[in-house]
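The domain 'pPIWI-RE three-gene island' annotation in TrEMBL covers 17-156. TrEMBL lists 251-371 with the feature domain 'REase associating with pPIWI RE'.
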Amino acid sequence: MTVNFTKPQLSPDELTLHLVASGIVKLAESLKNGKAPTLPYPKELQRGLDRLVLNCLRQGRKPPQGVPELLCWCRRPLTEWHLDLSQEDLGVADKLLDGQIPTAICEEWAIASSDIEAELTQKQLLLNVMSVCRLADTPDSYVQFRRLLISQLLLTAFELLQICTEPLLEKLEEQIQAAYEPAPESYAVDGYFHCCAHCGNLMLRTVQGELICAEDRCRAKNVSKSGRQISQKQQVIWLKRGLRRFIAAPGCAELRLAEKLENLGKSRLQVNLWPDFDAYDLRIVFPDNEVWAIDVKDWANPFLLAHKVRQQNPLIPSKPPWIKAYFVFPDDRSEQRPDYLRAFCNHCPLPKQIKAKFESAFIKDVRNKLQRC
């Protein structure tokens, strides 16, 4: 969803976590081709370390002795860092690193301040795509572009060539190429890239020789399994990090919800994805012409999500017009954090015309509304 953001206010310890997470993301990007860490470390990481050291000294606790030890801290639950944050701010299992991979929690803390979000690939790229599609008056091209990023995390050079000749996407060849980058050579095993059979993302080999998915949801559910294998000779490209996390990941939930609504409505329900060039995620029109707007949010940490939503102005755009609006969360977020909905609503009070629900509860509301039509 495209909205304006106001500058967030972070507490001192929230800022510390934000800086450490931002530095980890930048460090991981610089190391993804198998290079060893080099000095200087990202300035955000060093600033975060300095603040954490000062915090430890004030509390009479032993601080991390440099960046290597800080990275070890990042593999521990954040609740062990003794930061001045409430229990709702941190899940009991929240950590910044899973092995060598930044977690979704890390990505979310990294964009806890708008200056970092401005650096993410997705923001400027999507604005560029919108501009091209608006000028050509082809909203279907925008929808197809979004579907591409969600469904095709990896492409070969030949597949890229084919996609860029499709009628709805041919005007967006430059933007499609900008969305991807060469897959890191260090991820290849014996000359082949392995794709996760569950989500299609790239897999990498651990120091123990095990293949794991780059998507931490698959790792958490232990569903990582090698599927498609692509030779390095096919010039494999990978969707860029910011787009994977903030477009493709929530996009899977958006497409899944759209499909459920279409099946539920059986032609009685009009379902539109990303209406008016992504004013919000889904617009549904009931047989009595009542309109609901849906903004799908797929964040691991409900506090950080609430913090980000509070910055949106408006919370959900009023155009295209709607009668009722929802923030909808994937059901598995409640499995990971039973207090997810309560934590979100406590930190982000909503007006009466906007509700927050998990996917299954929202579907129940739609079903009940259809029965009344």
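Every residue, even glycine, has its Cβ placed from backbone N, Cα and C.
TrEMBL labels come from automatic prediction, so no person has curated them.
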The domain 'REase associating with pPIWI RE' (251-371), counted residue by residue under DSSP: helix, strand, coil: 55 helix, 27 strand, 39 coil
Within the predicted model, mean pLDDT of the domain 'pPIWI-RE three-gene island' (17-156): 89
